[in-house]
Structure formats: structure tokens, C-alpha cells
Amino acid sequence: MDDAGRASAPAVVTVTASAAAPTPPLPPPPPPPPPSQLPATAAATDEPSHDPAALYGEGMWQQMTMSGSGAMQPGPYPERSGEPDCTYYLRTGLCRFGMSCRFNHPQDRNLAIASARMKGEYPERMGQPECQYYLKTGTCKFGPTCKFHHPREKAGIAGRVQLNTLGYPLRPSEKECAYYLKTGQCKYGNTCKFHHPELFNAMASSRGSPIYPSVHSSATAGPPYTGTMASWAFPRGSFIPSPRWQNPSNYAPMIVPQGLVQVPSWNSYTGQMMPVSSSESRLQSPGAQQTYGTSQQVDASAGNQGMLSPYRSSSYPVPQYALQRENVFPERPDQPECQYYMKTGDCKFGAVCKFHHPRVRSMPTPDCVLSPVGLPLRPGEELCKFYSRYGICKFGANCKFDHPTMAPPMGVYAYGSASTNVPMVRRLLQSPSASAYTS
């Protein structure tokens, strides 16, 4: 028995191994065709089929369609004329709800999209964010296919902003447009998203503007002309508003005959513009008027002597413009002081400067001796080129160059009172640089 059992054991193992061997797999059945490609007889019948193969194919198709990426139901889709259009169907041509969708599915999608855009109808989706483009412009380039909310009462509400006098939007809740504050212009116009405050309280038509004060003239009309021209009047100067400060022109459009013209003093320093000896001329106060020679005439009888004859024509009355420049620069105590304003008393940015401009400007103590005209004397420094050429310096006591007391620059213009004009010309002619004019 034991030998027989030992002899039959390998046979049992062999049978078990042969029974456990895997069988080759059967080929998978081909996928069933979609319902749209079924025969007409099967599609036309409304009764459910009891064929197991048909039921299996139907279930496989539903499983494939529902497990896909979009889980879309194939057509046809219901047409419901009284309902709004299905936006997903208009965009993609498919609908995951199939025949159970409660929206309209028009056959011609392009025609439906075009008609919706013509009517200006946009979808209202309460749970979605609002379409920002629709809020700004009142339109939407996506039309009914846009996935955002389009409230009808807010159409273009973001674009309805108030404009300032220059046509730029006023947005107090936004930051100020830096480019507009510097230049007074904005290339984006009324579409800029920043704030554009008013630069002026009044335009050029306003006479009480703090930036452009009113101009008063002491004479409104000149004497009648002896020729064929009738009596003429001097026109009032017109000023163009600008974000920067502009000094009004001191020259009015007029016809000036040969003679002397009385203009306001050009001296901006505390002292005399051109110091001369007390024996030849009198010192003038800073507010006194000075004579401006329009032409130098050489007398024919005294031409060989090299002397310039005095002016024979009487002084011609010219309108005097009294300008009172107020402090138009902004005071910002919480900002640092404008260094240019503290040095010169002026600021090219005017009312739009972002720094502080105190009314009482503390002048720094000069570190050198000042000349009679209020300019610094720095013997060891380089000569101020602007002062050597024109006799003035816009930096005043703050200039870092030397301003020695010197004779005025030689030219056709001479400054001084009417009584001291001839002695001044004599002194200029005696200088070596005037030899060319006397030869």
C-alpha cells in the first residue's frame, strides 16, 4: 500500500499541474456601433429590444459615452422655442444632458449666435463672476457663449465715469496717474484706469485764477498815427493754460517807433543792476524803471568824431503790465522740501509738484561775500559763464561760480536812466573793446 501510494503521488502532481495551466484568452467582441448608425428598422422601432446582444451593445455604448472626458450625449437634442438657448451646445455643438436638457438647441448654431449678438442679449448666470468686459463696455465679444454673469442693470457701468475739464476720467478711489500729474496729458485718454484730478480751478477765461492773475494795463490805446492808419489799440495778452508755470510775455504785439521804451525793471536782485560811479549817474532803487534803448543812431555831423548822438525822439508811452505772482506751488508738510524751490524760489512743475513748498522760504546763509548786485564773489572758482555773457545769474546767491564786479557786456542794449544814457555811452566807447565801433 505504501509503495503503491508513493508510486501514484507523482501522477497526482502531474494531473494538478496540467489542470492549473492557463487557457488562451478569447478575442474581445467588437464595439457596437452608435445608435445613429444602427439600421433604420432598429432605430424606427420604439419598443425596447429583448435581444441580449442588443441590450449588451446598448449598455456598452452608454458606459463609453458616460465614462468619456466630456460625458457628452450624442444628438439629436430637443428644440424648445420658448426656452433660452443652451450655451454649451452653442459653443461646442454637444450637450451632456441629451434629450433631457431643458434648454433650446437650434439646428443652425452660427445663426443663433449671430442673432443673439445683434439683439445684445447676454447670458445671466447668477452664481458666476461678473464679466468685466461687459461691465466696462456694455458688450461682450463672446456673446451668448460667455460663461460669466452679465447683469442687465450693470451694462457698461464701469465705463460711466466723470471726466475732468481736460477729458480724463476722475477715479477718486484709484491711484493718481503719475504721467498726467507731470505732463498734464495722458495717452490712454478716458480709458485710463487711474485718477486724474483737476489741475486748475479755472481755465484761461477765469480772471481770478491763482496761477494766471488778471492783467491790468495803465494805457489802453496809443496815440493816433499820422499816416493813413487810424488810431489803434494794444490788444490784451492771452495766456494758454498749462500744467507748468509759464511767465507771461513782457512783449505785447505793437508797433514801436524809434525812441525810448519804458519797460518794468529787469533787476531781480536787491541792489543795482549796473553799478556806476556816483559822479556820473544816480543809484536806482530795485523797483525803479530803467531805459531800454531800441536802436543806436550815429549822427551824420558827428560821425567823424566817433560820438553817438543822444536820442532826439521823445519817449513813447507803452502799456505797463502789473503782474503779481502769487505762491502757486503746493504746500505738502508731510513731504520733503523741494530743493529746487528752496534754492531758486521757482519750480518748473508748478502746482503739480509732489514736494513741499513752504511760503516762508528760509534762505541759507551764504558762505561767501556778495557783490552789490547780490551775487557771490568766489575768487578761487571758475567764472560764471551765464553772468559773464548776460550780466545776470538765475541761481543768485546760491551759484557756485564766481561773479566779479565787471563792466556790462558790450552790445546794442544799454541799461540806465534817461539822464545818464550819454555818459554811459561815453564810458563804453572809452573801453578797448569798443574800438571797433569807433573806427
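Glycine is no exception: its Cβ is also placed from the backbone N, Cα and C atoms.
Of the listed segments 171-199, 229-257, Swiss-Prot assigns zinc finger to 171-199. Checking Swiss-Prot for zinc finger across the ranges 378-406, 407-435 points to 378-406. It is 1-52, from the ranges 1-52, 313-364, that Swiss-Prot records as region 'Disordered'. DSSP states for the zinc finger (125-153), grouped as helix (H, G, I), strand (E, B) and coil, give 11 helix, 2 strand, 16 coil.
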